[in-house]
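Novice: So that we are looking at the same thing, I have put the structure below in structure tokens.
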Amino acid sequence: MTLTRLKNPGGIVDLKEVVGEGAYGKVHRGVLKNLKQIVAVKIIPIVPEEKEEIALELQVLAKFSSHHNIARFYGGYFQPVPREDKDGILRKQLWLVMQYCANGTATRLVKALRKPKPKHVIAYIMKEALNGLAYLHDNKIIHRDIKGGNILLTRGFRVKLVDFGVCAQLQHESSKRDTVIGTPYWMAPEVIMCDLSPPGTVHYDARADIWSLAITAIELADGEPPLSKMPAMKALHKIPSNKPPTLSSNHKWTKYFYEFLVVALKKNPTKRPNAEQLKSHPWLAKVEEEKSLETLRHLAEEYLPKPKEFKHREWFAEDDVRQNGEDDMRATDNLAKMRNFSEAAIVTTLQQRYAKDIIYTDIGDILVACNPFKSIDIYNRNFQEVFSASNQQRNPFPHVYNMAQATMRSLVHSGQNQCCIISGESGAGKTETAKYFVRQLLYTAAHHASGAFDATQWSSLEQRILASNPILEAFGNAKTIMNNNSSRFGKFLLIKFDTRHRLQGVSIAQYLLEKSRVVQQGPSERNFHVFYYLVSGNDITAERNALLLNTSLDFVYLGGTSTENLAALEDMGQDEAVKGYATLMSEMLALGFSGAELVEVKLILALILHLGNVSFGVVDGAESAEVFGLAALKHCSSLLGVELDVLSRALTKRVTVLRGEEMVKPLKPFQAEDNRDAAAKAIYGRLFAWIVTRINNTLLPDLEEEMREVGVLDIFGFENFRLNSFEQLCINVANEQLQYYFNQNVFAWELEELKSEGVNVANITFENNKPLLDMFLQRPHGLFAILDEESYFPQATDESLANKLHTNFANANKYYGAPKSSHTLEFSINHFASQVHYNLPGFLEKNRDRLSEGVERMLLECGIPLVRMFFRHEVGATGIMGSNWQADIDRSNATTVLRSLTPDKFRNQLRRKASMDRAALTPQAAPQHGKAKKAPTVSTHFRQSLTDLMSKMMQAQPHFVRCIKPNPRQIGDRFEEEFVLRQLQYTGVMQTVEIRKEGFPVRLDFDEFVRRYQVLGYRPGALLEESKAQLACVKILTQAGIEQNSQGASRSSVWELGKTKIFLKYFVTDRLAAQLEKHGEAAVSLQRAAKGFWARRNLKRLRLERD
């Protein structure tokens, strides 16, 4: 473990007075700056020869402090500024921040008590300490310094083991150590003998801690350990030769205590029990925890000075973490039901659940999902059946399947469109969560439509819809520093049902594909997965030869062929690429892509890679660009099916048409590179749009009847890299818009309606980010409007853009920050999640995203039919092409390479199809040149896309899933509390818990409530007066057994009547829906019986008539 990579503690904790001293350093009281809570801070001077022990203590605390008998670890920090240690030597320091134990050490307690000490109190302390030891030993950790001074008591007298500075880690359970370490009077004989015997002849294991624990029991009973009156070195020689010690004769202890010591102090360690065996000893088994705690409190009040009261409460306070019982994780399924909640309690609850692989937690009707970063078997058919078949008033437990079930139920009973918004940081698990949500929704729909599970229908639909996932991930996902499979586009899935809730189809809208990744990636990042699949995963020799593919090292766009150190190249493993390629080809064929189309797609991808290898320079001091190294240009010419000079001219010259006259301007090398990159980005962007459009054509038939929809939003999470550019700005503004949507739905509209309807509710505040959105999106003075204005001005530069932004926002907006130096081309934004610094160079060019007319004309006349079609059709706000693209693929003019790769069985089809395609072409399909109309910028398209997305979501009833990333390293079984806390803070989880406890998220007009649930309170067909709708609401709820002051609610009222509306707790509609489903089942049974009766009656009549 590299200590220097830890964070600086300066911004984390304020240091207060010294409260103790451990084996390696002093312990201070501290205050966490973000939580304003008390912690203990152990400061360890870093001595080079002790680095191994220091690192091990940090490792043990980080991995094993979740047990309730080990002091909870907050985090480790590196203080790089040298400070004096106890010997006056300047050393850098490691700060270990952990739980503060207000009642000090067990030694301090017993020394203050009168004699004799209460025997059950000592037994309680020993039992709890042994529990902690058993946990450590199970994880192959020996403490090696168990004594009263390393057993601490919290303010609530819970027992905690501390000080792992001399612990040892075993490789396996039978491993042994031979290092002499510990505090002399408590050391086991076999540990001491390691020093007194020839090296390697004597060893010890975890049972050395059992000896030390028994000595500690004597220490607590007698006030000091055996032999403590003699010098430590003399005691070390006495312990191996003396008989095992026992209690003094000053007091008569119970026989069980004596027997415990006899068993635990066996001189032969092989005859000494291990921790798990010792736990069952009668002396410990008879301990009554509550009685012992009560005694401790009374004794402390009488004999101990009262623990100091501080302005701030203690982090990880006992009342927070033990209120629900540690083995009953189901009691914490819903954070809105916690009796006492705080940030520390919520983080602790999530951590405890996460440690038991319980990754889902509810906040009322909102789901929190912690990414496990490992496979957990909670998504199989049995789990699907549990949730689909559940008609209980209470759902089984929090799960994404439960969210899908609730969404489907809401669609059925409300008749309103639904949407599920899945949000979180990059790497928090949004895409996987979306997959499971859709999977369960399809499964639930198959159940609902037929009244029983239709496996054939479900399997077919799942196969076709879920087959789109690996295709979209291959073309739209990439490795970033935050996530190995990061979505670099936003996806809004619309699942369509008819009015009988039968699945009819699916459409996909895609937003903000990060096209710039095609031509450049950040350090330790990769291009889109599909390029590596093609280069490293395709083993078809004919294709590889024709497409001129070798390895990733050969392509600039994949980080290769540069003069930099190739060891730093981020490549994809061969096995991953082969598997990814095979899956991609299989799924594309399953979704109806033809063999010819797949060949064209691979040709286009190879073309993009070879384009990246075309380089430019100047000859003989001229300024105009010339192509250097003709091999790459020839490759591109061959793949594109255009003449070499045509391609060279398109890349190195800017062609414009004004009033019918063509104007040609030579480009400088850097401009030619931009031109080349613009072509690559444009081709890939159109390819991705076509793939999404092609998938939609397969999944969504022409529908004429009225549809009901469930939308599923899976969009890139908030990003803050070391280097942030225009792409991160768009991504983060989109996340700001989603946060605003969440705030409006969860807080603003509910509080506003409660107030206007005269319903009292607690004063709940939340952060309103609308002013920040206005700063970006308003016209004509918003940031994007200014960016567009500069982008349309040919002479604009990054410097002029910076000046304009600083002038407009630096002093007028609290969210905007300008750099101290006017020469620094950057600005910062205080986003809802955190402050982000954006680098301005490249903003204008990325926003223009302009393809030169020369390049566009060349692509419209090239030999790749799909590419020609791409540039005849615009991509709409939802990232898909118009409906007439299929009639616009003219394959009569194909490149030699394409013809050589096209399977024979497709060639005749292509020739026949080409004649029909040409006939279908319309004059409007031809490109238009020379018009004065401004081309839309990326930010304009972004605003249109955002508007389109929000309009769809505003028409639907939302369901929210908050994905949490438990650690930044994407490691399983690792939960970093501070990292999680930051996510909970900026997403407003605390306020969400509060409003779900106190508020009423379901708000319905009286007549709408009656329309939905009338059957629960009145006979079918009963006519109700509109003026009595309010009374009808009360009767329906009463008949359904939902009293206004239902037991078990977090507040006295579970529903309230306003002036025109009824307000319901989040769980009331679940109860009502469950009863509606029972009525529906009863109605089906009655219909079945009635049909049987009439069938039998008609049959009897026919028989009589026949006779």
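Any Cβ shown, glycine's included, is placed from N, Cα and C.
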Novice: Which is it, of 762-784, 946-968, 1084-1106, that TrEMBL names as region 'Actin-binding'?
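Specialist: Spelled out, TrEMBL records region 'Actin-binding' over residues 946-968, not the other listed ranges.
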Novice: With every protein chain in view, what's the tally of Cβ atoms within 10 Å of the Cβ of Gly429 (ATP binding site), excluding that atom itself?
Specialist: 25
Novice: In sequence order, what residues of the same chain, 6+ apart, have a Cβ less than 8 Å from the Cβ of Gly427 (ATP binding site)?
Specialist: Asn371, Met482, Asn483, Ser486, Gly717, Lys965, Pro968, Gln970
Novice: When DSSP states are grouped into helix, strand and coil, how many residues of the region 'Actin-binding' (946-968) land in each?
Specialist: 9 helix, 8 strand, 6 coil
Novice: In sequence order, which residues at least six apart in the same chain have a CB under 8 Å from the CB of Thr431 (ATP binding site)?
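Specialist: When sequence neighbours closer than 6 are ignored, Thr431 (ATP binding site) has Glu473, Asn477, Asn485, Ser487, Asp714 within Cβ distance under 8 Å.
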Novice: Glu425 (ATP binding site) has how many other Cβ neighbours within 10 Å of its own Cβ?
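Specialist: Summing over all protein chains shown, Glu425 (ATP binding site) has 26 other Cβ atoms within 10 Å.
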Novice: May I ask you to report the DSSP-based helix, strand or coil state of Lys42 (ATP binding site)?
Specialist: strand
Novice: Work out the three-state DSSP category of Thr431 (ATP binding site).
Specialist: helix
